[in-house]
Each structure stands twice: as C-alpha cells, then as structure tokens.
Amino acid sequence: MSLGYAEKLSFIEDVGQVGMTEFFDSAHVLQDKIEQLAKLIEKSRHLVVFTGAGISTSCGIPDFRGPKGIWTLQREGQPLPEASLPFHRAMPSMTHMALVGLEKAGILKFVISQNVDGLHLRSGIPREKLAELHGNSFMETCPSCGAEYYRDFELETIGLKETSRRCSDEKCGAKLRDTVLDWEDALPPKEMNLAEKHCRMGDLVLCLGTSLQITPACNLPLKSLRGGGKIVIVNLQKTPKDKKASLVIHGFVDTVIAGVMELLNMKIPPYIRIDLFQTILSQSLSSDKKFVNWTIRIASVHGLSAPLPFIKSIEVSFSNNQNYKEATLDTQPFLLKRRTVLTETFEIFLNLKFSDGCGCLNTRIEIPFNFQDSIEGFKLDKNATLEKMRDAAIEDSKCGQNAVVERKTVLVPKSEMTVHAIVTNVKTFDYQLSNGDMKPIKEGLNGLKTTRKQRSKGRKRKTRL
C-alpha cells in the first residue's frame, strides 16, 4: 500500500484489529491444501478472486494489519515502514501475473480488489473484469461522462476530490476527480454492483491476502454460498470468515499460487512495463529569416504540466557536436531552446536516464531536425506496436526497446509532437517448488489448459491512457 495514501487518509481512532499474529501451515499440510485448491480451481466454472493488501507485500508495498503493517506501527507509535521503491514503480507480483494467466485461459472470470495500488490493471487484468472497491491511486474519472484516465503517476489527492486536470473529450471538458475513497466515502455503486453480481454467480471465491475485516466489502464472498459456491481463504492471519470457508490456507500467497499454477500445468506470464512520453519540437524563423529558433520539450502524454516520474534526467547531444553544445536537463519541465542556421540539418540525440525502479539505466532516442522538410503526421496501431515491443522484450530478456507510436504536425507555427513508447521493466517468473512430491493435474482434464474461451460480458468502460 502507498505510504502517501495512508498519510492522506483522515484520522480515525478505530481501524479494527491490527498487529495480528501470523500463522504458517506445515510443509506437508501446505502441500495438501495447495493440491486441494488446484482441484477446486480446475473444477470451477465461475472463479472469482477477492484480493487485499497481502497480495502486494512481495511487491515492496507494506500491508496494514500485519506485525509490521502501517496501522500496527502507527498504533504502537513507531515510524512507518519504508517502501523499497517508488510507489509508481511497483511491479506486479507472481500472484498478480498468475491471475492474468488464469484470466487469459478463461478460468478466472472476475477480480475484486480492496487495494488502491493499481497493480491488477498494470498487470493486464481487463478493466471490465475488475472491480476496485476502494479506488485506484493512479486513476482519475470524469464525473460528467464517466471516462477513466489511468496515469503513470500517483494522484495528489484522495477522497474523490477534484484534481488539476480536465476531461480530454472536447464535448465534455469537466474537471476530473480522484477515485480513492477516504473513510467516510461510500463504496462506488458501479464497482459494488459488479462485485456482488459475480460473487452470486461464483462457484468458487478465492480470497487472497485479506483479513476480511472492512465492511461491507468483506461480506461479498459470502454471497457465493447461497448458490452453493465455495470460499477459499489464503492469508497469514486468521479472519472472521474462516468458519464459512471450505478451505483456509496459512501461507505466503505467492507460494500457494505458484504451486497451484504448477499443478494446473500453466506458466505464469512475464510482466512487461511500457511507458509513454512525448517530444514536442517547435520551430520558427528569426526576424531576418536566416536562423531557426527551436525548442524541444520532453513531456508526459497526460499533459504538459503532468509529472514524468520515470525519467530522472536527459542528456541532449547532436550529430554535429562540433557546432552545438551538449546539455543536461535534470529538472522538469525538460526543455531546451536553441538557434541554428536555416539550412542546417542534424540529429538530436536524447539520452534518457531512468528513475529508481526501472529495469535499465537509460536509453537513447534520435530525432531528425530539418526545418525545410515537411514531416507528415501518422498514427500507428498502438496495440500492435506495443505487442511487438513486448515480444521483443521477452525474447531479449531486457528492457530499453523503444518505438514511435504516433506523430502529429502543425504547420503554423511549425511544430511536431511525437509519442514514444519505451520498455522500462521486464520481470519473468521461474518458480520451482522445494518439495518434488506435487504431481501436475493431467493436462487434458476438463480441457482447462487449451479449450476454455475468454468471455467478457457487459458493457466495457472507457479507460484512457
């Protein structure tokens, strides 16, 4: 969980039980329970997963109620734990990505999350198959038209307050709001209705990393029981709903899910993060028409005033380095102004230095400069381009690949806006269980591995990047 989020919450005296004792099943018991869970998932027809803070602790995000949880330490008057990396650079865990694999295989039908870290969306769970009950620290929404905007930076507010940005729809333009709830805020009806619907439909609700204390969210899994569904709880602490569950597993969520995926003969897909930014090259003639005054700006695709958190600094150099002085841009906005001879042509080299949490230190972008040339705009198939970049990153097992996905031009004053995509993280998951006694479920059983089709019901929500 974001420490910034915890600090932004209004103060209340009673946050429920904290400092909860952790329990660990013995190796033999844990193995037996993992096998039971794998069989339940294999037989399920409508699997719903309900997640809490415990699913993200392996991502470097502290939980709330554990022995070193945020609220536990606050109550004891101790300093808050330090996050191991910036919140906006947190990467999905093995469990997050396993859920993506189950969803793509058609096994997982819906995810309900109490977390605000945005890692389910970042991992690749489709928005229409996800209910974020407490909001998303990276999501803004338009209260007028309902459009959603998923950002690469943590929003500055919580409590459904207005932010500094507006809806990009020309017919709307309303002020956007954050989506993260404060204590007194009611759960969003749209998210709750979808969550309730799928819990009622679910024949198996798998609760991962949640103490199931916060109402009314904690009662959602119980709605599956009326239709004969089963509840499985994977958590290190005991929960108030344990007696209602068919199976309770005390173990690390990643360990349990890795075992399940192995038994189902399923690979956990890699996590590839691709970030976007834009370069804006503006050019104008000097009054004597002998020179070109030009400006290059490196900015967020979310707006010129939006932060660009994954870039620490930029070194600017030129192909004709004898005539043009290099520059280092180390504060935002990243902006460089120069004057050159009208007939001069050259390449601008941008060496981007990435912030902490990125998988590589830097990458280089080349931008051609020729005032007398007319450059046409274009818009590529963004999804296809990003998919090619993901494939290349997986094959190369490294990040830093970049591509242009869009270019817009304006004739007067002459300017060129280019959107670039960069692979900034590659994370693969090779899991090998320490105990070799587990036997994979037969590949053909019910055809889970190859024959289930994805189904997406209901109206898709507009989410803009």
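Every residue, even glycine, has its Cβ placed from backbone N, Cα and C.
Nobody curates TrEMBL annotations by hand; they come from automatic prediction.
Owing to the predicted nature of the structure, the values given are computational and were not obtained by experimental measurement.
Neighbour count (other Cβ atoms within 10 Å of the Cβ, all protein chains): 21 for His134 (active site, proton acceptor). If you look up TrEMBL, you'll see His134 marked as active site, proton acceptor.
Sequence-distant contacts of Cys145 (Zn(2+) binding site), defined as residues of its own chain at least six apart whose C-beta falls under 8 angstroms from its C-beta, comprise Cys167, Asp169, Lys171, Cys172, Ala174. Look at TrEMBL and you will find Cys142, Cys145, Cys167, Cys172 tagged as Zn(2+) binding site.
The compositional bias 'Basic residues' annotation in TrEMBL covers 450-465.
According to TrEMBL, the domain 'Deacetylase sirtuin-type' annotation covers 27-267. Note on the domain 'Deacetylase sirtuin-type' (27-267): mean pLDDT across this stretch is 92.
Under the heading region 'Disordered', TrEMBL lists 442-465.
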Neighbour count (Cβ, 10 Å) for Cys167 (Zn(2+) binding site): 21
Among Cys142, Cys172 [binding-site residues], residue with fewest other Cβ within 10 Å: Cys172
His134 (active site, proton acceptor) to Cys142 (Zn(2+) binding site) - Cα separation in whole Å: 17
Residues within 8 Å of the Cys142, Cys145, Cys167, Cys172 Cβ centre (excluding the Zn(2+) site residues themselves): Pro143, Ser144, Gly146, Ala147, Arg166, Ser168, Asp169, Gly173, Ala174, Leu176
